[in-house]
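Colleague: A single structure is presented below for examination.
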Amino acid sequence: MEQPFHEAVAGGNLVVCRLTMEDEMSERQVQSIGPVQRRALFSSFIGWMFDGFETSTLILVGGVAAMSLLGNPTPEEIRVAVGIAIGATLLGWAAGGTIGSIMADRIGRKKMLMISIVGYSALTALTAFSPTWTILIALRFLTGMFLGSEWSTGTALVAETWPDRSRAKALGIMQSGYGFGFFLAAGLWLWIQPHWGPDAWRLMFVIGVLPAFLLLYIRRKVPESKLWLEAVREQGSGETISAKRESGLIRLFGDPEGLKRAVATLVMAAVTVSVFYGISALIGPYIGALAAKEGLTASSWASISALVYNGGSIVGYICAGFIADRIGRKPYMLSMFGGAICAGVIQAFVPETLTWSLVSVFILGMFTLGVFSWMPIYLPELFKTKIRSTASGIVFNLARLVSFPLPILTAFLFSTLGGFHMTVLAMTLLYVLAIFALWFLPETRGKPLPN
């Protein structure tokens, strides 16, 4: 076994000694599935599940909240107001997520995961007390900053903890947490809205404080990533860590191959995010309007449509790792991008009945939301440990920066293109760009993480 690091560094250093003690775990621990792997997956899954809960809450309650805070807005004003609020969340997600992913390469996966979770929990709860729509938008921007950093940190932690043979499956399961969070939010809203009156939306945001309790579990039970600890050790003593890690950002853009991969995956991620946010904001109002035509309660059926959409996404998420391991990463992504386009084409021909529309919404969820699994599965396999969180975070979060105007533009496309069906078709055709970008990337199935 390698000699303790404190003996090799003059004077020793308490920080590095602690890192090295954790780093001397048996190599078998990283190549097997045990408590360390399960705890990392559980904490990242729950953190991402509440990410999904927080994000979807605004989509579900945005219309009611806008009516409560804006007086008597028109349907068009509601669509634009909610679009701006979602756009602000995405903008904050891009900014904070990029910063958080860089910090995760500096201070560690575990610590940054804890900061992210407590940040978005507190700010979501504060959103419940918004006196004006402007303040709500500001709080959603701040919430988005912490929401964004959770994903790249949790993804790096799971990817670096699980063995190669099971990594894709674990990350697919982790990604499914978002769908379960959306599912949880839709189910709660379906139950809360009829009983709590016009301020029911505030209770939904109050519930968002719950993931803060996950902090205690992570602090006590979840160890730091072994690969990250090794990277810290290789960079020298505690006094020089910050100086030598000038930055994963500089390393990323100083590497031609890394830059090419980042640009190609950014195109794919921007399409993935844009299509989802563009479509998801329209599904509830559309299904609600169909239900109203049939004499049913519009708000209840809008919530049911969210359950159906996310039911489809969970199927897509969980199957992702198994399919990617079976046929390869690139064939899996090609099948999902192509499937999303087909789902959009099918949507254009679906009869405007409640039953058929819900079937098509399930299929849309499986492909346009379930497709997100390509990012946690594929991105960690493209970049080295020293820049893994930075690169993954930049791709995932800059995609939101690119796509943040989409919820606003979609509201106008809805009117211009003649309604829901043609808007969905137009959005899913963007996946042609993702298929083109995929051509420039390597296959990574069965390969160890670059270190």
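Note: Cβ is positioned from N, Cα and C throughout, glycine not excepted.
Straight out of TrEMBL:
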DOMAIN    40-445  domain 'Major facilitator superfamily (MFS) profile'
TRANSMEM  45-66  transmembrane segment
TRANSMEM  78-100  transmembrane segment
TRANSMEM  112-129  transmembrane segment
TRANSMEM  135-159  transmembrane segment
TRANSMEM  171-194  transmembrane segment
TRANSMEM  200-218  transmembrane segment
TRANSMEM  262-288  transmembrane segment
TRANSMEM  300-320  transmembrane segment
TRANSMEM  332-350  transmembrane segment
TRANSMEM  356-379  transmembrane segment
TRANSMEM  391-414  transmembrane segment
TRANSMEM  420-441  transmembrane segment
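How buried are the listed features, and what sits near them?
Modeller: Same-chain residues lying 6 or more positions outside the transmembrane segment (78-100) and placing a CB less than 8 Å from one of its CB atoms are 55, 58-59, 62-63, 66-67, 70, 112, 115-116, 133, 136-138, 140-153, 273, 277, 281, 285, 393-394, 396-401, 403-408, 410-411, 414.
Within its own chain, the transmembrane segment (135-159) has Cβ neighbours under 8 Å at 40-41, 43-44, 47-48, 51, 54-55, 58, 65, 69, 84-86, 88-101, 103-104, 109-110, 112-113, 115-117, 119-120, 123-124, 126-127, 167, 170-171, 174, 222, 225, 228, 375-376, 379-381, 388-389, 392-393, 396-397, 400, 449, counting only residues six or more beyond its boundaries.
When Cβ-Cβ distances below 8 Å are used as the criterion, the transmembrane segment (262-288) is approached by residues 59-60, 63, 79, 82-83, 86, 90, 252-253, 298-299, 301-306, 309, 333, 340, 354, 357-358, 361, 364, 368-369, 371-372, 374-375, 378-379, 382, 391, 394-396, 398-400, 402-403, 406-407, 409-411, 413-414, 420, 423-424, 427-428, 430-431, 433-434, 436-438, 440-441 of the same chain, each at least six residues removed from its ends.
Note on the transmembrane segment (300-320): residues 56, 59-60, 168, 172-173, 175-176, 178-180, 182-183, 185-187, 189-190, 193-194, 280, 283-288, 290-291, 332, 336, 354, 358, 361-367, 369-374, 377 of its chain, located 6 or more positions outside it, place their CB under 8 angstroms from a CB of the stretch.
Within its own chain, the transmembrane segment (356-379) is flanked in space by residues 151, 155, 158-159, 167-168, 171-172, 174-176, 178-179, 182, 265, 268-269, 272, 275-276, 279-280, 283, 286-287, 290, 304-305, 308-317, 319-321, 324, 329, 332-333, 336-337, 339-340, 342-344, 346-347, 350, 391-392, 395-396, 424, 428, 444, which lie at least six positions past its ends and keep a Cβ under 8 Å from the stretch.
With a cut-off of 8 Å between Cβ atoms, the residues of this chain six or more beyond the transmembrane segment (391-414) that come close are 76, 79-80, 82-84, 86-88, 90-91, 93-98, 100-102, 104, 144, 148-149, 151-153, 155-156, 248-249, 252, 258, 261-262, 265-266, 269-270, 272-274, 277-279, 281-282, 375, 379-380, 382-383, 420, 423, 426-427.
Within the same chain, residues 260-261, 264-265, 267-268, 271-272, 274-275, 278-279, 282, 286, 330, 333-334, 337-338, 340-341, 343-345, 347-348, 350, 364, 368, 382, 410, 413-414 sit at least 6 positions outside the transmembrane segment (420-441) and bring their C-beta atoms closer than 8 Å to a C-beta of that stretch.
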Colleague: Go through 45-66, 112-129, 171-194, 332-350 and flag the stretch with the largest number of C-beta pairs under 8 Å relative to the transmembrane segment (200-218).
Modeller: 112-129
Colleague: Would you mind listing the long-range same-chain contacts of the transmembrane segment (171-194), meaning Cβ under 8 Å and 6+ residues beyond its ends?
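Modeller: Answer is 41, 44-57, 60-61, 64, 154-155, 158-159, 162, 200, 203-204, 207, 299-300, 303-304, 306-307, 309-311, 313-314, 317-322, 324, 369-370, 372-373, 375-377, 380.
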Colleague: Express the predicted model's confidence over the domain 'Major facilitator superfamily (MFS) profile' (40-445) as a mean pLDDT, rounded to an integer.
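Modeller: So the average pLDDT across the domain 'Major facilitator superfamily (MFS) profile' (40-445) works out to 86.
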